[in-house]
Amino acid sequence: MIEKYKNILITFIALAAIVFLVGCSNKKTDQVTDKKINVVVTNSILADITKNIADDKINLHSIVPVGKDPHEYEPLPVDVQKTSKADLIFYNGLNLETGGNAWFTKLVNNANKKENIDYFPVSTGVEVIYLEGKNTEGKEDPHAWLNLENGIIYAKNIEQQLSKKDPVNKDFYKHNLDKYVKKLSDLDQQAKSKFSLIPENEKMIVTSEGCFKYFSKAYNIPSAYIWEINTEEEGTPDQIKNLVRKLRATELKSLFVESSVDNRPMKTVSKDTGIPIYSTIFTDSVAKKGENGDSYYSMMKWNLDQIYKGLAK
């Protein structure tokens with residue numbers, strides 16, 4: 001009988017030990033998972049650049065949904081929650097998220113986050129282009145990522161802050177950055193070579209919003225537009241009339257319309273000038289997953305290819 005109770009006791013102790021060890025193992029696993037830093041970015045373009053560098057080493061949340069306008073946005077409760085718990089926050093800067101309704105400023109202030117401690121502009125180091133005739137702070141053209149050289153600056157700034165916040169993975173981040181920079185740089189050089197072949201009198205990119213100034217400077221292609229920035233009036237009769245008048249004096253073969261804006265004003269321009277809309281292109285957002293342009297690299301490649309084909313046809 002005593003021997004029987006002994007065996008039961010030994011079995012009980014063994015089971016208790018197994019439960020304890022499994023519990024410790026799960027706790028360690030949870031601790032490893034919890035070591036991932038929480039990163040919040042303001043839009044899908046920054047999310048993709050960050051993902052290329054950090055991969056699965058971080059918990060990543062992007063605020064403005066794919067296809068939506070980051071100029072003026074109303075954060076959802078989940079955005080507020082993720083921002084308050086974020087270890088690191090990346091935003092474009094250049095008045096993109098802080099102009100208009102200043103949604104980002106309100107978001108980080110309410111979360112008690114501090115600039116250059118908790119949140120960082122990825123555009124630091126970019127040569128700023130301003131809205132026409134407005135060379136003052138708060139009047140920056142924010143669309144710097146449409147020049148691949150600036151996309152590389154964004155990536156380097158993101159890697160720098162990731163490595164500071166998470167030094168355990170800094171070699172991983174740097175390795176991924178180097179690969180990504182080469183990929184973007186190769187595409188940039190290919191584009192410059194192709195656009196140099198187009199006759200000067202056929203070079204002009206016409207879009208709805210005047211968001212291609214950085215692109216124009218990078219690839220030596222003049223730009224024209226209906227309205228200058230999405231936070232102002234969009235597609236008024238006078239704006240359309242002024243662009244139509246300008247285009248009638250050109251030999252332009254193609255117009256373009258952005259994926260994130262109403263295409264009706266550009267359709268009116270096309271009808272009044274006889275110049276066809278060649279393609280939709282990407283500006284403020286990548287495409288939906290699985291579609292052409294669903295990453296920063298692929299949206300830029302799409303833009304470069306479509307604009308080249310439209311101008312060279």
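Just so you know, glycine gets a Cβ as well, placed from its N, Cα and C.
What Swiss-Prot says about this one:
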type    : residues                      : note
SIGNAL  : 1-23                          : signal peptide
LIPID   : Cys24                         : N-palmitoyl cysteine
LIPID   : Cys24                         : S-diacylglycerol cysteine
BINDING : His71, His143, Glu209, Asp284 : Zn(2+) binding site
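Secondary structure from DSSP puts His143 (Zn(2+) binding site) in coil. The DSSP secondary structure for Glu209 (Zn(2+) binding site) is strand.
Applying an 8 A CB threshold to same-chain residues 6+ apart, the list for His71 (Zn(2+) binding site) reads Leu96, Glu97, Gly99, Gly100, Pro142, Ile229, Asn230, Thr231, Asp284. Under the DSSP three-state reduction, His71 (Zn(2+) binding site) is assigned to coil, being neither helix nor strand.
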